[in-house]
Amino acid sequence: MSSSINIKKSVIDTLLAGLLSLIVFGPVIGILLDGYDFTTRPSLLLTMVAIVMVGRFAISLFVQSEKGQMMLYKHQNNDDGVIVLPPGHKSKMVYIVPIAIIIGLVAPFVATKYILTVLILGLIYVLLGLGLNIVVGLAGLLDLGFVGFYAIGAYGLSLGYQYLGFGFWSMLPLAAIMAAVAGAILGFPVLRMHGDYLAIVTLGFGEIIRLILTNWTSFTGGPNGVYAPLPTLFGLEFERRAKQGGTPFHEFFNLPYDSGLKYVFIYLSLFMVVCAVLYIKHRLVKMPIGRAWEALREDEIACRSLGLNHVLIKLSAFMMGASTGGLAGVFFATYQGFVNPTSFTFFESALILAIVVLGGLGSTVGVVIAAFVLTVTPEMLREVADFRVLIFGLLMVVMMIWRPRGLVRITRTGFAVRKGVA
Amino acid sequence: MSNVASEKMLEFKDVDVFYGPIQALRQVSMHINKGEIVSLIGSNGAGKSTLLMSIFGQPRASAGQIIYCGQEITKKSAHFVASNGIAQSPEGRRVFPDMTVEENLLMGTIPIGMAHADEDIQHMFNLFPRLKERRNQRSSTMSGGEQQMLAIARALMSRPRLLLLDEPSLGLAPIIVKQIFSILKDVSGTGMTIFLVEQNANHALKLSDRGYVMVNGQIRMTGTGQELLVNPEVRDAYLGGH
Ligand SMILES: Nc1ncnc2c1ncn2[C@@H]1O[C@H](COP(=O)(O)OP(=O)(O)OP(=O)(O)O)[C@@H](O)[C@H]1O
Ligand SMILES: [Mg+2]
């Protein structure tokens, strides 16, 4: 590690970067199409190139400094697996969790309606991320059709209401169970598959669900979609006029009608469910089943040599993941008030997978952060809506270069002996 | 070596095993007595690992019987076998790479539960002091020899009566092989029955009470370790023909 700075190298780097950016930005920024004509914008182009060159020069100098070298070294030695903390380790989460819960509970009362809807969306993706994280992150089964379970949850609420008259609270557990059953049905035939093959089959599964929803018009309403009911609070409804045979909330308490109130209520219910799922997952990981999932991901043959039934382990991972996806679907449907098949395309599966991968496979905190980053950023980028997907892609590429193992290094507390547990 | 009680612990009776159309074991009959060290030698692809795995029903025997302590286990689940006193360390030291040494050992308790875990981990650390030094190290960062010790220790964590080892000497330096085999001898001294699948015929037969030689899925020869060691056919085929 030499810490002497080689200016010549930096200058060469800078010139190269400038040349490259000229080639890339030249046609994109330098030329503005105007009907059949075009105008050139040399000043804008030169500014962009200058920014890139200055940036490259600064980075080049920094990397050659002692601090930069340290960072590079750290980064290069940073991607070799999980950090395992000693079992007795008291994590800082002990302080962070209560604060997060309090902030989460207070948020809906201070946030505007718009922010609230974004938060709800964020939490829905947290649920989706957590669900897929069990399948991909913990059990190591690549599932590209996760959106199928999401759709089952969402349509479960809508169709359950339409045909059976079930409300939100009855459909919430039922949809989770339905999704879990679907998970088992998908799980059985794919148990013998690994990696790529599994990914293809699950991809097909997601598409099949979407196609059924689109084409079985008489049952699902096809592309027109179906209405989804709002949750009720002990029979009190949050719409202007009662639709489900109860009393509207605002009439009961003699309040003026506020359309934001329903979002507050959805948010709070969702927040509770997310906390419950987080807690359950936290416990599961420490139980034998959680260890079995991780063991299965790490070495299937070793698992079998311990007499573990890999069929059951895979199925349980699929079912747990699927039911969490189903829960997310129910909340999505009620939040939109309406579902149709366009919400359940492959892009959605890819987004959920991105959340899990960006978050760090297997890391719960990472998934929560990534879910918010990936749902809130697009909202903030509304002005540059045209570039959203581009920026999204760039973010992914940068992430994979700088943090190939995800935002949050998986740090887990080692498991220790627990007395009296079989 | 002659004072071994001749009570049969595990017995194969005319076992056939197929992988699809390929027959890997043909009419295999053999047995392991209580307290013995028995080794199975044979060249690559002879079917040694298949025989060992078939005890766990993976793959399952299509004909014949596998009997353990008087009970037929031919059709029992792997979990049943593992929780009834048979442990195996599979070929190629399959440790869980992202788990620490201690966690790997704890995984070994899965068949029987964690009731004795603390005590048994201490016991493993006494048997393999190397593991103690590395208890919080992730097992993927350990050397091959250390991983093999870990794989054996993990198998021992389920307090087996019968320990199955598939090529514990694979890819290890002679000194480490010696070390591991001497530990196996100690373990066997405590009354554990050991079934050893090995390429390293010399070491294995010296350690063993009895041995079997497998060729093309069939048992070709059997005898005491000493008998096989001096047998000219065995010497030619497996001991480099000295
Ligand atoms: N999963 C499998 N599918 C198909 N054939 C298999 C499978 N496993 C093993 N075989 C075949 O069965 C035969 C016996 O294999 P086995 O692994 O038991 O040999 P081995 O004696 O353990 O050899 P080695 O000393 O090289 O480990 C080989 O011909 C092998 O190709
Ligand atoms: Mg083998």
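Even glycines carry a Cβ here, placed using N, Cα and C.
The shown structure was predicted, so the numbers you read here are calculated from the model rather than taken from an experiment.
Quick look at what TrEMBL lists:
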- A:12-32: transmembrane segment (TRANSMEM)
- A:44-63: transmembrane segment (TRANSMEM)
- A:93-111: transmembrane segment (TRANSMEM)
- A:117-139: transmembrane segment (TRANSMEM)
- A:146-164: transmembrane segment (TRANSMEM)
- A:170-190: transmembrane segment (TRANSMEM)
- A:197-216: transmembrane segment (TRANSMEM)
- A:260-280: transmembrane segment (TRANSMEM)
- A:315-338: transmembrane segment (TRANSMEM)
- A:350-373: transmembrane segment (TRANSMEM)
- A:385-402: transmembrane segment (TRANSMEM)
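Most Cβ pairs under 8 Å to the transmembrane segment (A:117-139), among the stretches A:12-32, A:146-164, A:260-280, A:315-338, belong to A:315-338. Beyond the ends of the transmembrane segment (A:197-216), by six or more residues, the same chain brings 141-148, 151-152, 155, 186, 189-190, 222-223, 341, 344-346, 349 to within a C-beta distance below 8 angstroms of the stretch. Contact check: the transmembrane segment (A:146-164) against the transmembrane segment (A:93-111) gives fewer than three Cβ pairs closer than 8 Å, residues 6 or more apart, which falls short of the contact criterion. Between the transmembrane segment (A:170-190) and the stretches A:93-111, A:260-280, A:315-338, A:350-373, the greatest number of Cβ pairs separated by less than 8 Å involves A:315-338.
Counting only same-chain residues 6+ beyond the ends of the transmembrane segment (A:93-111), those with a CB under 8 A from a CB of the stretch are 119, 263-264, 267-268, 271, 275, 365.
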